[in-house]
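Engineer: This is the structure I want to talk about, given as structure tokens.
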């Protein structure tokens, strides 16, 4: 009886081992097929993509994108970050007046852009004053210009 049981156990172990080995071999085969399939499919896909693209397509695409972006951009003034006449200014780099305009201060770093500064306004340079005369940080009358009343 013992020998029969031993034979049965031996048969079962053999059958189980053979099933496991076939499972492993089928798993390996499936993995190899997947790897081979993906490599060939990938290379075919790359070949198809490169066949469809011509040399002239890329520069035209880039050129049209640049043109559309340029059309969407606002016109940039000659000086960046400058204010036009009548706008807020502060006599700083970030809020300065454009061109020959001058910032007429009304308070501490608070002013508006004007053509030139009137008499008794704060100035640094003579060119900022309408009279072209800046003394002691104030625009002064020009003694050489006389206003003749009618």
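Backbone N, Cα and C atoms are what each Cβ position is placed from, and that goes for glycine too.
Annotations for this protein, taken from Swiss-Prot, read as follows:
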type	residues	note
SIGNAL	1-18	signal peptide
CARBOHYD	20	N-linked glycosylation site
CARBOHYD	24	N-linked glycosylation site
CARBOHYD	36	N-linked glycosylation site
CARBOHYD	48	N-linked glycosylation site
CARBOHYD	52	N-linked glycosylation site
CARBOHYD	110	N-linked glycosylation site
DISULFID	116-130	disulfide bond
DISULFID	123-134	disulfide bond
DISULFID	129-139	disulfide bond
Engineer: Just checking: which of 110, 129, 134 have a Cα that is within 10 Å of the Cα of residue 116 (disulfide bond), counting only these recorded positions?
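Structural biologist: 129, listed in sequence order.
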Engineer: Roughly how many angstrom lie between the C-alpha atoms of residue 130 (disulfide bond) and residue 139 (disulfide bond)?
Structural biologist: 8
Engineer: Please report the Cα separation of residue 123 (disulfide bond) and residue 129 (disulfide bond) in Å, rounded to an integer.
Structural biologist: 7
Engineer: How big is the gap, in Å, between the Cα of residue 129 (disulfide bond) and that of residue 110 (N-linked glycosylation site), rounded to a whole number?
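Structural biologist: The separation of the Cα atoms works out to 18 Å.
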Engineer: Sequence gap of 6 or more, Cβ distance under 8 Å: name the residues on the same chain that satisfy this around residue 134 (disulfide bond), in order along the sequence.
Structural biologist: 123, 124, 125, 126, 128, 140
Engineer: Specify the secondary structure state of residue 134 (disulfide bond) as given by DSSP, simplified to three classes.
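Structural biologist: Looking at the DSSP assignment, residue 134 (disulfide bond) belongs to a strand.
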Engineer: Whole-number Å distance between the CA of residue 110 (N-linked glycosylation site) and the CA of residue 139 (disulfide bond)?
Structural biologist: 18
